[in-house]
Amino acid sequence: MVMSSYMVNSKYVDPKFPPCEEYLQGGYLGEQGTDYYGGGAQGADFQPPGLYPRPDFGEQPFGGGGPGTRSALPARGHGQEPGGPGGHYAAPGEPCPAPPAPPPAPLPGARACSQSDPKQPPPGTALKQPAVVYPWMKKVHVNSVNPNYTGGEPKRSRTAYTRQQVLELEKEFHFNRYLTRRRRIEIAHTLCLSERQIKIWFQNRRMKWKKDHKLPNTKGRSSSSSSSSSCSSSTAPSQHLQPMAKDHHTDLTTL
């Protein structure tokens, strides 16, 4: 039995075996010739018992001129490359496998960005947060002006009537300055307005009509009439007292 090159070229510490002479005396080992690394002294292909797997690089000659060739070793357990600690070294004529390429170094700009903002989410996952609408955005904030403000609805905006709506309302006001409830509902449905809007428009239009025709206000006339009646009632007793005073004066002169 020929000693394999695995035991000779291994980097492990040699175990405590008996000297080589004892093996020679016992007939375990034959004489080693010049074709030690070749396959000339071996009758068939020999595969050493490899402890670590060897990747399949194709059938390559193991020796430098022997007829025998070595096939790939079957994979076992660990996955270290040959030639490492405890691995099988290549023969002088066998090409060495190329070492794996190192990973590409990251760009300095990208690394600086990643270190400066570690909490930044990936570009593909953008978070969409719903907009928060607070109560003070919905209502008029006047608590600082009026402390008794309870947060009611803001003042209603003015109604913008269209040209067609104003034309129809003016036509109706030309014939009837006062509307009945039934007629007001009909106009509201026709012009797509509310009954309250029709009522307010007619009130404002009547005030404008009175101002254009210079008619006295009914409230002003009632107040002026009441004041004139009170003045007349106060002056009447004084006029009645004057003749009585004159009669009394004549009576005194006659005496």
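Including glycine, each Cβ sits where the backbone N, Cα and C put it.
Range annotated as motif 'Antp-type hexapeptide' by Swiss-Prot, chosen from 1-6, 133-138, 187-192: 133-138. Taken together, the residues of the DNA-binding region (154-213) have an average pLDDT of 90.
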